[in-house]
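A short worksheet on the structure shown next.
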């Protein structure tokens, strides 16, 4: 009697979620006999989940305490009553401004989320720029009576986004300053400092308003001069920060220097080298600097890759399944390194995957990138991590936007 022969094929599953504990399978990919992508779930469900994630913390409900939900329900209800009373007691203009502000708040929290933490310096500057822009619109609005409502609403949108970005980055910086678990004390003292600065500013502002009264040119010159000084002071403030957490840019700077010199830069040294302005604003100064982190895509959605990349991934998944089990896969196309994170990967695994991708992007020879980067990781990764810790860096996780797309791979028997 002939024995039935089974063959095995590599299967790659795509998962989506805001945390490793809240994942949903969205697709299954296989390459036998040809590339096949089977999607599960509907687009409406993904859109609905995206909408839900705009209002709850990442990883909800496992990322918060049990009393979070009842507190937020009652807090929202009391806030609702306040807004209703405000609507009844204000004019339509203020109501329109309020709606614009709330919309900007939700949109900002939805589309930036944890990116505010990973780029705290940049978003602090962006927040202040948006606040200045809102004030400028308020000053310009009387000059355009026909577009007064539109300009005022745009100004309120800018200031509302300022509140989202400024609040989130302030929390991240407060945690950075708190060496003795004294974040609450630091936050309270910062409030006192701002109160004093506000009182002094009001006094000087009233004096300046009296001096420039009836002179539009003097008002504009004073406003623009103070705005430039405001942005300069904020830029100098964020440049003073020596954050010890590793985001993609700081990790890239530290790794490139280590590969070249076998020495790890301190947080103070890296802070002098990193760019705090948005990419579009600082591109002119980056032409002579090779920032390899810009060529790494962390947490890529598998089904969004090119077919050639998916086939290479399936091949790598099969090799990884038989060899040592890394919690990530790397695939390169046109100089860009895509990182596919496994479903149950930890924060340390994600950190390791990003470092591996940086090393792979640093290797100039495209043909030997995989082998050379794997060799470097085997020989130097542990030493690199230890030297980072000695230099004062936090290596427990990479401070990056949340990895929402993950994957799982293995083999299954076929006839």
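Any Cβ shown, glycine's included, is placed from N, Cα and C.
No curator has checked TrEMBL annotations; they are predicted automatically.
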| Between 101-119, 120-138, 139-157, 158-176, which stretch does TrEMBL give the note transmembrane segment? | 139-157
| message | Of the ranges 181-206, 207-232, 233-258, which one does TrEMBL flag as transmembrane segment? | response | 207-232
| Taking a Cβ cut-off under 8 Å, which residues six or more beyond the ends of the transmembrane segment (207-232) line up next to it in the same chain? | 125, 128-129, 132, 135-136, 139
| request: Take the domain 'Root UVB sensitive protein C-terminal' (263-409) and count its residues per DSSP category (helix H/G/I, strand E/B, coil), listing them in that order. | output: 73 helix, 22 strand, 52 coil
| Integer mean pLDDT for the domain 'Protein root UVB sensitive/RUS' (104-261) | 82
